[in-house]
Every structure is written in structure tokens, then in C-alpha cells.
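TrEMBL has this to say about the protein:
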type	residues	note
BINDING	Gly401, Phe402, Ser403, Gly404, Ser405, Gly406, Lys407, Ser408	ATP binding site
DOMAIN	9-160	domain 'ATP-sulfurylase PUA-like'
DOMAIN	171-385	domain 'Sulphate adenylyltransferase catalytic'
DOMAIN	393-544	domain 'APS kinase'
Amino acid sequence: MTQQNLAPISELYVSYESAQKLKVEAGDLISWDLTPRQICDLELLMNGGFNPLKGFMSEADYDGVVENMRLADGSLWPMPITLDVSESFAEGLELGQDIALRDQEGVILATMTVTDRWTPDKAREAEKVFGADDEAHPAVNYLHHSAGNVYLGGPVTGIQQPVHYDFRGRRDTPNELRALFRKLGWRKVVAFQTRNPLHRAHQELTFRAAKEAEANLLIHPVVGMTKPGDVDHFTRVRCYEAVLDKYPGSTTTMSLLNLAMRMAGPREAVWHGLIRKNHGCTHFIVGRDHAGPGKNSAGEDFYGPYDAQDLFRQHQEEMGIEMVDFKHMVFVQERAQYEAIDEIEDRDNVTILNISGTELRRRLREGLEIPEWFSFPEVVSELRHRYPPRSQQGFTVFFTGFSGSGKSTIANALLTKLMEMGGRPVTLLDGDIVRKNLSSELGFSKEHRDLNIRRIGYVASEITKNGGIAICAPIAPYAATRRAVREDVEQYGAFVEVHVATSLEECERRDRKGLYKLAREGKIKEFTGISDPYDVPQDPELRVETENVEVDNCAHQVILKLEQMGLIAG
Ligand code: PPS
């Protein structure tokens, strides 16, 4: 039986007075600007969430952890917590030297005495900690592409907590939670780790887990760094707050954990357990494929579905926190209730309903019904706000073509048609207008054209992110730059590339601005199509011909394409 210990845990912070003094002194130290992941790690080091660690790991601790999940003194610890830096930063340091650790705005959060400096074998770390040196694993990818090549280790002296402006009242240090549990008289607390929105099945299973363990419940979602592509934590926390109201009064609380997850499956489960133990919990729910990273590059799972539970079970006694199995809950239509799938005896005679994560995303994307039995209306409404159907999302229409091809004319006609329809704000970023307002200092060298297009792409991606329609109409002659803009925009919404395919001969024949003549005479240099290249789009969403076709018809073709893509309601 796990014994709860709610005595205060040791933190790495110095007193307020010492911190003020240290902060001034640390101003003269060489400083390292922490990455977002390092800030998460530092916060949990300083507040005791990573107890017994007293700083970023030494080489001996790191080796022990990588090889057999143990610190040099033999304590169980499954995850390397290292300060990765660049070679150039590491070169200038001497062992024994103090450095200042700053957040991204330059605020000094801590100092660290550098006792160790080494170049890790990243392939070994990947194999041993994450199970394979395969970059399909997000933490392995991070290790090879984001983490510095040198690790520094040494004790940390905490000056101040990282600043959070969001949900401040929902963030607790281990000692704050311990004090809360003491005050409430919660002797047994089961923690639920999550990085996803909660629906009815989660509410049922967590409440059951708490009942089974005769414990109170702590919903303990991760808001630091989770798996790329997850629902952002702002949306999730609003969802959690709605679900919290569904538990019987005073049985359950919620606190946000600023952890940077590694998605390391079994090792991660043990790590999560130790962190919850530090936060005063006695029980921890471990599910199927806990903290799973998805498929490897061969399309197979990195870990077995119950590896995390097995590893946790092996170590739970030593950890001092007990595992509660996650029950797979499904909705039984005939009885209109959630039941654990392995406890349903009349499985062949009842209708079992379930909606997968993929199906949920499809329904949100297409604006389809999400039934009441699956989730709470407040949660669905938050998710619908965050993931509106395509016909309410922002998008970018990106025209490209020679000067005088008709881009601006078609773009203007499209702008008017979309404004007539209403619903979303529309902005036209025409080549000439942009050059006057955003890029007035730029000329037409490759470098300048790229800068110009990237600026347009940035503005378009912001408009798209905020639910508007951006219409861009530059020449954008280079395929690689168009691709980069597509990537910028597609993070937030659709990118519709329209090639205005008027031939060079026709543009030159029209020569509306008289520029082709000047270009032929050599009076304008680097003129697209004459003395500068144009990469014809290979695979645009739409190609419009303008010769012998009315502008209105060209704009209408774009509208039809947008309808077909579900971006505007038909
Ligand atoms: S780019 O390549 O996308 O950055 O060009 P863009 O911003 O669309 O600007 C193109 C307009 O600038 C005028 N202009 C030139 N175009 C091409 N090459 C050279 N050297 C050049 N010098 C001036 C031209 O009028 C283009 O206008 P549009 O609207 O395309 O006809």
C-alpha cells in the first residue's frame, strides 16, 4: 500500500532576498538563452517536480539513466534531463564556472555551476531511451535536429519561476499541490495525465479509477510541450474546465503541468509517475500505449500497447506510486451508458458505440454532428470554435504569372465576388500594392523577389490563421519560394495556387504598362520572362487561361474551385 508523504519537497529556489542579490550578480555571468523545452525542464527542476534531480544531469548521471534508468547514486530516473548547447557556446566555458540561464525575453531564471561538459552519442541515447534511432520519433527528431551537440551538467540555483500569463490560477508547484491535498484531507490521490481534450469516456474512466482506488482525483494535463499536431493547450484547458464541472463536487481538482513530454512510451510512463509522486499523488492512471509517439518510419508502433504498464508495474513499489489500469470505456447504446469493454458480458447482443480521434477530426473538419453521448456540448463547442469547418476557416488564394498576365484584374474581380458573399474578411495583397507598402525598398534581384514573396506569405499566413481570406497576386517567379509560402500558410488553412497562364507572347503583345518594350531595349534589367526566369507551376490547384476568356469567367473558375475544395459554401 502506497504511503502518501505530503511534507514539503525540496526546491532549488533561494530566498527572495538572496534571489534579488543573485539576480544582480548573475547579470555579469555568461548567459545561455534557454530553449522552450529547457524552460519547461528548468521549471520542474526548480520546483521539485523532478526531485531528486538538483540540476541538469552530470555525465555520470546521464550515462546511468541512458543505460539502465538509474542516476549515478542508484536512484530510479528514466529520462535524460540535459542542458544541450551549441559547440561554440560550450567552447568558451571552464568547468566550475557559473552561467546564467535566461528565458526567451532575457529574464534570468537561474544560475548553474558547470561541472560537466561532454559530447553525447546521440544515436545511443535514441536507441536506449526512445527504443530506436528513428527520426519518425518526435524526441529522436528533436535530438538530432534541434538539440545542441554538447551537453552541460551541474547544480542549479533557482532565482525565479518562468513567467506564465495564461491560466495562472490553475498552475501549481508540487508543494502547492501537497499543501492543497493536506488542507483538503485528501489521503489518496489518483492522477490522470493527458494531452488531449477530455470527452465523456475519459470522465467515466477517471471517475471509476478514483472510485476503485477509493481516492480523490487530480486531472493533471500537460501544457508544456506535447506531441506536434496536438490540440493547443489554450483550447484544451477551456475544455477541461467544462469537464471538471461534471464530477461530483469536491471529489476532483485540476492542475496544469508545464512538462515538456518526450513521447517515450514506457520510460515516459515511469517518469510521469515519479513526477506525480512528487506532486503528492499516490496513484497514477496508465493507459494503453501511454505517451506513444505514433508509427515508426516502417509504419509500425514504436512500443507494444502494454509496454508502459509493464515497465511501470515492475518499478511501482520503488517509485512509491501505484498504477491504476486504464479501462477502455465504450458507450453501450441499449443501456445508454459507458462501460469498460472487457466487462461487457453480452457483447454480441448490444450495440457498442465509439468515435476515434481521426473520426472526430473528420467530423469537426466537415462540420458534421458530434453526438451528445460522445462528448459534452461545452467541449464540442470549444473544439468547433478552434476547428471550424473548412467553409469557415481562413485560406489563401495565391495567383502567380507573368507581369501583365491579368493576375491583378482577376484578383480584384475575385475580391469583389467574395465580399459580395460575405462571411469572412478578405484582403488583397496585390503585387504593386505590396511593393508600395510592404516592400518599398526592394528591387527585382532574386534575393529581393524572395524577400518580397516571403513577406506576402507571412501576411497571408497571419490572415489565414485568423480566419480571413488572403488573395495574393505577385509574379512570384520561383517555385521554391512559392513552396515555402505554401508551407507557411498550410499550417493554418488551405493554400490555393492559381497559375494565370497567359503566354509571354500575349503579355508582351498587350504590354499594358509599356514595360516589356523597355525590357527588350535593356532599359529594365532582370525582367521576368525576358531577362529573368519564371518557373511554370507544375501542380497548381488551378490554371486559368486568359486569352479570349472574360475576366468575370476567370474569377468564376476560381470561385468554383473554392466551392469544390469546400472553402466556400456552394
Ligand atoms: S515579384 O517577382 O513577385 O517580386 O514581382 P512583383 O512584386 O509581383 O512585382 C511585379 C511588378 O513590378 C513591375 N516590375 C517588374 N516585374 C518583373 N520584373 C522586373 N524587373 C520588374 N520591374 C518592375 C511590374 O509592373 C510588375 O507588375 P505586374 O502587376 O505583375 O504587372
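Cβ atoms here come from the backbone N, Cα and C positions, even for glycine.
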Open item on the list: Through the lens of DSSP with three states only, how would you label Lys407 (ATP binding site)?
Closed with: helix
Open item on the list: Return the count of C-beta atoms lying within 10 angstroms of the C-beta of Gly406 (ATP binding site), excluding that atom itself.
Closed with: 26
Task: Fewest-neighbour residue among binding-site residues, criterion Cβ within 10 Å, set Ser405, Ser408 - done: Ser408
Open item on the list: Limited to the domain 'APS kinase' (393-544), I'd like the whole-number average of pLDDT.
Closed with: 96
Task: Sparsest-packed of the listed binding-site residues (Gly401, Gly404) - C-beta count within 10 angstroms - done: Gly404
TODO: For the recorded ATP site, enumerate neighbouring residues of the same chain (Cβ within 8 Å of the Cβ centroid of Gly401, Phe402, Ser403, Gly404, Ser405, Gly406, Lys407, Ser408, site residues themselves excluded), in sequence order.
DONE: Ile475, Val500, Thr502, Cys507
Task: binding-site residues near ligand 1 among Gly401, Phe402, Ser403, Ser405, Gly406 (Cβ under 6 Å) - done: Ser403
- [ ] Go through Ser403, Lys407, our binding-site residues, and report the one whose Cβ sees the most other Cβ atoms within 10 Å.
- [x] Lys407
Task: Other CB atoms, at most 10 A from the CB of Phe402 (ATP binding site) - done: 23
